[in-house]
Amino acid sequence: MVTLDFRTLTVPVGIVRILELILTCISFSLVASVGNRAESFWTWCMFTWCLCFCVTFLILFLEFFSLSSKLPISWEDFTAAFAMLATLMVLAASIIYPRFYTCSSCSRQIGATVTSCLVFILYAVEVGLTRAKPGELSGFLSTVPGLLKVLEAFVACIIFICLDHHQYSRYPGLQWCVAVYSICFIFALLVIIFTVCRLLSLFPAPFDKVLTACNVLAVLMYLTAVVIWPLYSFII
């Protein structure tokens, strides 16, 4: 039986999500009213605002109708991971859109930029509200290490977008760096998926030990990339 939970709309995190919903809608509506653009940056910004609007609406809907507890996923991990991801995506959109598509007389574009910046602040506030406090039992992705995993995966995506195939395909050192980014990204993504889907029991060893070992290995691999990538970049 479905029951309405009005408390989800009145608690601080619920109010923040309602404001996110309103402001993301305003952002993509203002941008859409100016007209469509074929550029990838414009598409990224619109995708960000529309995705955040849809997922935030879905979260509010499922919690309001008390359906979130019936899903076979870790709801705390899902909402915490999405809040962190949305914060990063909206931050990128808030920087990219005004850089390429606003001017001193572009009132609607400036308005979209302002609302996007406010959305970024709201999602950052949501991260703070949903983050697990010391001594509190909660999902892994709502803890600081879990949020850092989401950040790691996002930064890896940005690196992949910026890669030049013609540059790194000619040098084994740069290929190693790309392999490092790819391996670490895949592991971070697996941790997020396994945590949200409650599949951590499938790990062949205790999760905390597996995570520690992989983090140490990732740090060592990233250190090699930090040395090799600038070296080849200066030579090129």
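Backbone N, Cα and C define each Cβ position, glycine as well.
Taken from TrEMBL as is:
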type	residues	note
DOMAIN	8-135	domain 'MARVEL'
TRANSMEM	15-34	transmembrane segment
TRANSMEM	41-66	transmembrane segment
TRANSMEM	78-97	transmembrane segment
TRANSMEM	109-125	transmembrane segment
TRANSMEM	137-162	transmembrane segment
DOMAIN	140-236	domain 'MARVEL'
TRANSMEM	174-196	transmembrane segment
TRANSMEM	216-235	transmembrane segment
Dominant neighbour of the transmembrane segment (109-125) in 15-34, 78-97, 174-196, by Cβ pairs under 8 Å: 15-34
DSSP helix/strand/coil residue counts for the domain 'MARVEL' (8-135): 105 helix, 0 strand, 23 coil
Contact set, same chain, for the transmembrane segment (78-97): CB under 8 Å, 6 or more residues outside the stretch: 20, 31, 41-42, 44-45, 48-49, 51-52, 55-56, 59, 109, 112-113, 116-117, 119-120, 123-124, 126-127, 130-132, 139, 141-142, 146-147, 150-151, 154, 158, 192, 195-196
Cβ-Cβ under 8 Å with the transmembrane segment (216-235): same-chain residues at least 6 beyond its ends: 171, 173-174, 176-177, 180-181, 183-184, 187
Helix, strand and coil totals (DSSP H, G, I; E, B; other) for the domain 'MARVEL' (140-236): 83 helix, 0 strand, 14 coil
